[in-house]
Amino acid sequence: GCYYYPLHKKVIYEHFKRMNEDSLMHAPEFVIKPRSHTVWEKQCVRLHCTVSGWPDPRVVWYKNNVALDPLANPGKYKIESRYIDVCNTYSLYIFMCVCVCKLLNNDTSQSSDFAVTSFCIVGPVSEYGITFQTHIVDKFGVSFGREGETMSLGCTVIIYPALHRYQPEVEWYRDDVLLSPSKWTHMHWSGDRATLTLTHLNKEDEGLYTLRVTTKSGYETYSAYVFVRDADAEVEGAPAAPLDVRCLDANKDYIIVAWKQPAVDGGSSILGYFVDRCEVGTTHWIQCNDTPVKFARFPVTGLVEGRSYIFRVRAVNKSGISRPSRVSEPVAAMDPADRARMRGTSAPWTGQIIVTEEEPAEGIVPGKPLDLQVTEATKNYVVLSWKPPGEKGLEGVMYYVEKCVSGTDSWQRVNTEIPVKSPRFALFDLAEGKAYRFRVRCCNSAGVGEPSDPTEATTVGDKLDIPSAPGKVIPTRNTDTSVVVSWEASRDAKELVGYYIEGSIVGSNVWEPCNNKPVNVTRFICHGLITGEKYVFRVRAVNAAGISQFSQESEAVEVKAAIGEYSGSITSKYNKVMYGKERLPFNRKKPPVEPGSGRGRICVSASPAPPYGITVLECVRDSMVLAWKQPTFIGGADITGYFVDYREVIDGVPGKWHEANIKAVSERAYRVSDLKENKKYQFQVRAANMAGVGIPSLPSNTFLCEEWTIAVPGPPYDLQIREVRNDSLVLLWKPPVYQGRDPVNGFYVDIKEADAPEEAWRGVNTKALEKTYTKIKDLKEGEKYVFRVRAQNKAGVGKVSDVTEPVPALTKPGTKEIVVDVDDDGVISLNFECGNMTPDSKFVWSKNYEEITDTSRLSTETKGTKSKVVFNRPGEEDIGVYSCLVTHTDGASSSYTLSEEELKRLLEISHDHKFPIIPLKSDLAVELLEKGRVRFWLQAEKMSNNGKVDYVFNDNVVSQGEKYKMNFDKNTGVIEMTMESLTPADEGTYTFQLQDGKATNQSSLVLIGDVFKQLQKESEFQRKEYFRKQGPHFIEYLSWEVTPECCVVLKCKVGNMKKETSALWHKDRHQIKVDEHLGFAEGVLKLEIAQISKKDAGVYEVILKDDRGQDTSTLNLTDQGFKDLMNEVFSVIANSSTPLKITSTDEGIRLYTFVSYYNDLLQVTWHYKDSAIAFSDRIKSGVVGEQLWLQIKEPTEKDMGKYAIEFYDGKGGLRRTVDLSGQGENRARVAGGLPDVVTIQEGKALNLTCNISGNPVPEVTWLKNDREITSDEHCILKFESGKFASFTITGVNTSDSGKYSILVKNKYGTESGDFTVSVFIPEEAGSKKK
């Protein structure tokens, strides 16, 4: 409820205005206090109170002495206030919390405590005509302190009008974080002065301090930076103390402690950190880790559940251990849920919300834990977390953790003695680099449950990488004692903590930290510098894994005030400098105070000229995308952004300008939203740089806001011209915002002379371009050109872009091109130099005309007027067009195309430069010299006088001595090493290592196994040969040869002979011949064996002997040696054989050949039709003198075919052949005409005739009783015409009775005809009849 007054609210209000203010003021009081509530969990509660006071109290609700902010916790708190006559009723909707409500005004304070509470602060209001003006004077400046010191910051605050006992709200912030009173920070308000005392400085206290004074009329702030330097190390060379020690994850079993690395390492790398703990209420510190940890987080175990601890961290390097850090806030070793339950009291009806669990009963084994996962993994520890099992049983559970090396199934329990009480656990003593799986089991008094599902394999090691080095560092002059340093952020840095900046006076090589607490921005003002000195700066990035490498050093900058420097707050002076009034156009945002700033600078020399050429790129129902061109004059500093304004045009009458964007846009295109469909608008654009916001452009044409529905694309925009030369230039553009019905698939570029009519437009390309840039060639020197671009999609070619400004095709004086270079270290770089730079000029490198931001593949280095990009790891990913543009010049730019072929060429050059090779004419080789000496040698192409050679045997360098003799002829490049002989210990690898400056080369020769043994054997042989040849010796050792006459000659060639030298021949150690007094220096000794036979087999030996020594040559002609000799004899015999011939004999046909000499050991084989002939009585072979024959007796047709004789010589042999096939018709034959028996009377004449055939004409022979008969008067034998043979007996008698035969033969065969003649006497015939 509340009190109601009978007067009307307005009357009371006017009455109060006319009365003295002081007489009306009274302290606030609770008319109706909030009351305590007890609510169920997850229910909403509504709290009420009614308050009175003058001026009207301001009510602030608090929870646990912390002000409630409904906006910071949307949906959780809702605050309402209602004014009914002179009463104020306040309500708080709250969900499950404990609060205290307090009322304050200038006079007194009142509070009402209850379980669910709130608290308020009161101040005068301006509703009754009071407007406060606040001024902060007598300000603290940039301050420097040292750890352990006390520092006070103070400002005088003047509030007008000054009201008695009126207290503004005074707040102190550090890096935008509100400070509360503590043992480290004391705050005091004396009525006109605000003071902040830092009782014991630590690096945590470094930062931007802001005083904020709030009244009902608004607030005023002032900021300045406080720097805290490290205290002197207790041990010289030890690192500075770590900072910002915090407890991230506290539970029953462990607490994760985190910290930040110090900026100063003492001159040597930090090896790691020690974490110490101390139980609250004691002073005993215990070191938690035996070995230093490098990762800036560490789980501390071995804590007592329920007790509170504080922590500190010390850094260690090789010189010693740092001072300890500032201690952390106290934290209890208990689970978060237990900690929350302990915040209230135990009384059930005083507002305490008590959450309890039912007492467990025993007897049920718990189920499997759920959702097991690895939440953090470093090389020192792994943290696991899981959820309790769904089936706990009726008893509280604890946990066993098990591990297993990945790839095995051998599980080991980690906490064998004490189970884990909370569902999180940290594991130590894991092998770095190994992969593990983990699982968890629940347990209670009933037993141990089933294991959880195992985790995926986790490799032990730091998952968080140390950040990469920051990019380019740019210093800018600020004041007489400060410099603004900006840099490019580290690429792909994870969990970045911030950056450390260091500065050094040029030439001193002494680096000092500019900040001792990491800053998480990329721009910082470094204070405390010496006026007039030149400084260079470098930056490092920090995360929990460690500190990155330093960035490249910046360019040197002289410390002196910049143009337009002033003292005081940038926010209060900015507009006064620029515009002479304390406001920005259209309430633009004021420049933010940079970290480390206390003084600002503005270059009043120039702000940008207005942009121009505003066009529409896309239009929908409620928004339009605009584009414009860059101002022709940017004011001497880079444009930082653009501001767009719009106004509605109704019936041709423009309305009021409105801001389209509060925050500056960096692109020259912007979508203006919240427009009205079918309405007309005009636009204007302003450009801003460090000097301020420029004047607006002229209003654009009037554009209708209606949705585009055309199928073709909108116009490309932002056309830029680069690399203007006498005959070419490069045109760049951006694709249209409005795509049309289909995506853009190409572009067309048009060109015309600037003065030519519209009809002169012509296309540069006939085929659509895929890229948003092109090089236009074949321009006419000195001619001015303009360009435009059109985009196309499937529907067709769209709108043309705006036309570029005219540009003459002229190469400006001093223009240079990008030069590719490969240095002596093989580093490939693109280099560009610009001679007409300004102090604000910058080199901007691009790939395919997009600015290079990825420093993983390319590094940029700029010094003075030269800049280069270095390829870190050249590869196919680097193929493209590289260009460099120099800002704040008249368009200095150039490009270089890195093609696949060019990259391959550069990589080859890079390899040659990185690893230069001394060319060799010949590789390492070995040869044998006189006396069996071994020479290793090679020849280099060219080496200087500084060249040197290492001679290496089996990885050991050998030097000149008795065993090795080295020589290096630098004129010829011949390098050699000689050895007198080889022993088994010399087996191995020989290497000549050459070095000439940076160039190297080596060549090796492997002499092992059979190769070495053969060389050693040859060396030893050559050595023996040398000494052998000092007396009579054999030039050619004993050997044999076979003459064409089949005579065997044993011979040898001898040398270094004299008259006294004798030669003794031996066979089987028996002397067979003596050659004495050989009167020649060199000659041939011979021994002839005319008809060799088995008895000549044996060992032959020749001994040369005189007073200088003797030499022996032996020839073994036994066994295989004799066989080889005889085979050669047989080969000579075979080659001397004549072609195989055929002749007829009385018995048949004879095949024969003649040889020059026949040896009884000669083996021959006769063949018929490629098969060896089986000899019989009919077919025989033999030798007569030098004739070898085959006799076929009474040949028949079956004997026709191919015959051969084969000589065996132990090799391929020799075969002579003759063919009897197809000769049957030419064979001698008796055609017929002879009877079998002729009976004839004595005295009668007998005449028989038969036909003879054959070619050649056969020989005819007549036989009687197997004896040849010849023609006479009694028996007349005739052979006429080669065809007819006749047998005539003029008067037969009984002596003519017998067996007769005719035998015909030629070279193809023989045939005979037989008949019998029986002569009878008539009387004998008659008597027989009788």
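Glycine too: its Cβ is placed from the backbone N, Cα and C atoms.
Caution: TrEMBL annotation is automatic and unverified by curators.
Copied over from TrEMBL:
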DOMAIN    28-117  domain 'Ig-like'
DOMAIN    147-227  domain 'Ig-like'
DOMAIN    241-336  domain 'Fibronectin type-III'
DOMAIN    368-462  domain 'Fibronectin type-III'
DOMAIN    469-562  domain 'Fibronectin type-III'
DOMAIN    610-708  domain 'Fibronectin type-III'
DOMAIN    715-814  domain 'Fibronectin type-III'
DOMAIN    808-899  domain 'Ig-like'
DOMAIN    1032-1118  domain 'Ig-like'
DOMAIN    1240-1318  domain 'Ig-like'
Inquiry  = If you count every Cβ pair below 8 Å, which range out of 368-462, 715-814, 1240-1318 shares the most with the domain 'Fibronectin type-III' (241-336)?
reply    = 368-462
Message = For a three-state summary based on DSSP, what are the helix, strand and coil counts in the domain 'Ig-like' (1032-1118)?
response = 3 helix, 55 strand, 29 coil
Structural state census, the domain 'Fibronectin type-III' (715-814) (DSSP three-state) = 3 helix, 44 strand, 53 coil
Task = Please average pLDDT over the domain 'Ig-like' (1240-1318) for the predicted structure.
result = 86
Task = Give the residue counts of the domain 'Fibronectin type-III' (469-562) per reduced DSSP state, in the order helix, strand, coil.
result = 0 helix, 41 strand, 53 coil
Query = For the domain 'Fibronectin type-III' (610-708), what does DSSP give as the number of helix, strand and coil residues?
reply = 0 helix, 47 strand, 52 coil
Remark   = Grouping DSSP H, G, I as helix and E, B as strand, the residues of the domain 'Fibronectin type-III' (241-336) number 1 helix, 46 strand, 49 coil
